[in-house]
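**Student:** Got a structure for you, questions after.
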Amino acid sequence: MKRGALDSFFKPVAPKKPKYEANAKTSTHPTYPFAVPHLPEAFAEQLQFTPAEEGKVMNEEKDLDMVYYQPYIPRSIADGMFEYLRQELFFYRVQYTIKRGGVTTNINTPRFTTVFGVDATSRFMEDGSLVDTKTGNEVEKGRYKCKPRPLPQCLQVLKDLTEGATGENFNFALVNYYADGQDSISYHSDDERFLGPLPTIASFTLGAKRDFLMKHKPMPPGESVAEPKQIKLGLASGDMVLMRGKTQSCWLHSVPKRAGDEAKQGRINITFRKAMVRGGTDNYYQYNVGVGETYKWNGEEKKMKCWS
């Protein structure tokens with residue numbers, strides 16, 4: 001092998017140029033470990049035309065009330081949005097314990113998580129301060145066990161546009177990063193009492209296509225209605241599922257583990273939701289931030305690494 005070929009063979013591969021142009025403006029807050037760049041202007045412009053496609057209403061099965069957008073975010077910017085959020089947001093790998101039947105079990109969350117927002121009893125001012133919604137006075141110390149933080153501009157823009165298109169109102173953004181096909185979330189429903197009786201949740205997919213499975217909760221004994229069919233959606237980059245009505249109280253959903261090259265590319269899931277009381281704030285920060293290390297995407301090593 002010639003010298004030039006040897007040099008080329010052993011030369012490190014330069015990281016791919018990101019699919020977006022960075023924005024010089026940033027979102028900052030005392031609770032942020034580092035500043036978050038604003039949404040690239042090209043993305044912000046394209047988002048003004050969302051939803052990219054009209055949503056398909058899904059209500060054929062008992063207690064199901066959903067709207068499925070394929071896509072909501074234009075395909076032309078969806079992968080770039082994925083790369084941008086993965087690169088610029090901070091994440092956590094939360095560990096916690098649960099006690100069932102007197103037995104304590106340690107849980108390692110099988111995905112990276114982060115969260116922004118505060119429940120309806122409080123609100124953030126433009127300067128980032130937190131005030132009581134009714135009185136407008138600064139929130140007293142001890143109201144929360146956690147340190148709530150406002151949405152960065154990149155998520156605020158998407159939230160505002162989603163509210164305008166759906167007629168819903170949200171105060172939280174939960175972001176999950178599934179690094180590969182082994183990262184997953186088991187069957188569950190987002191039916192916590194602090195969300196109210198009929199919560200609406202807008203769930204976005206960016207990055208790798210992953211299966212989204214749904215099944216009805218066990219039917220009461222003696223129920224004459226036929227068992228609802230299970231649902232499988234292949235959520236692609238830019239897709240959004242709007243779950244509303246009895247969907248959370250009556251249905252379970254999951255993102256199971258998957259093999260294959262596409263799942264290895266990583267997936268980001270953004271969910272907008274509305275917590276009504278302060279217990280929701282403490283819950284979301286406990287299980288999506290916790291007390292562990294902060295992680296940030298390393299483009300050269302192509303993985304999340306501890307940030308300090």
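Cβ atoms here come from the backbone N, Cα and C positions, even for glycine.
Just so it is clear, the model here is predicted, and its values are computed rather than measured.
According to TrEMBL, the record shows the following:
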BINDING   Asn176, Tyr178, His188, His253, Arg267, Thr271, Arg273  2-oxoglutarate binding site
BINDING   Asp191  substrate binding site
DOMAIN    169-276  domain 'Fe2OG dioxygenase'
**Student:** Measuring Cα to Cα, how many angstrom lie between Asp191 (substrate binding site) and Thr271 (2-oxoglutarate binding site)?
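**Tutor:** Distance (Cα to Cα, whole Å): 14 Å.
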**Student:** Long-range neighbours only, meaning 6 or more apart in sequence with Cβ under 8 Å: which ones does Arg267 (2-oxoglutarate binding site) have?
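**Tutor:** Looking at Cβ-Cβ distances below 8 Å from Arg267 (2-oxoglutarate binding site), excluding near sequence neighbours, one finds Phe82, Tyr177, Tyr178, Thr205, Leu206, Gly207, Ala208, Lys209, Arg210.
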**Student:** Which of the three DSSP-derived classes (helix, strand, coil) applies to Asp191 (substrate binding site)?
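**Tutor:** Coil, per DSSP.
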**Student:** Using DSSP, break the domain 'Fe2OG dioxygenase' (169-276) down into helix, strand and coil residues and give each count.
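**Tutor:** In the domain 'Fe2OG dioxygenase' (169-276), the DSSP-based counts are 10 helix, 46 strand, 52 coil.
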**Student:** If one looks at the chain holding Arg273 (2-oxoglutarate binding site), which residues at least 6 apart in sequence have a CB under 8 angstroms from its CB?
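**Tutor:** Within the chain, Arg273 (2-oxoglutarate binding site) has Cβ neighbours under 8 Å at Phe170, Asn171, Phe172, Leu174, Asp190, Leu195, Pro199, Thr200, Ile201, Ala202.
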**Student:** Might you list, by sequence position, any residue in that chain lying six or more from Thr271 (2-oxoglutarate binding site) with a Cβ less than 8 Å away from its Cβ?
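**Tutor:** Spatial neighbours, sequence-distant, of Thr271 (2-oxoglutarate binding site): Ala173, Leu174, Asn176, Asp190, Ile201, Ala202, Ser203, Phe204.
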**Student:** Within a 10 Å radius of its Cβ, which of these binding-site residues (Tyr178, His188, His253) has the fewest neighbouring Cβ atoms?
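**Tutor:** Minimum Cβ neighbour count within 10 Å, taken over the binding-site residues Tyr178, His188, His253, occurs at His188.
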**Student:** Can you count the other CB atoms that lie within 10 A of the CB of the residue listed as 'substrate binding site'?
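**Tutor:** Its Cβ shell of radius 10 Å holds 18 other Cβ atoms.
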**Student:** How many neighbouring Cβ atoms, not counting its own, are there within 10 Å of the Cβ of Asn176 (2-oxoglutarate binding site)?
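**Tutor:** Neighbour count, Cβ to Cβ under the 10 Å cut-off: 21.
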**Student:** Let me know the largest Cα to Cα distance in Å among the 2-oxoglutarate-binding residues Asn176, Tyr178, His188, His253, Arg267, Thr271, Arg273, as an integer.
**Tutor:** 20
**Student:** Give the mean pLDDT for the domain 'Fe2OG dioxygenase' (169-276) on the 0 to 100 scale.
**Tutor:** 95
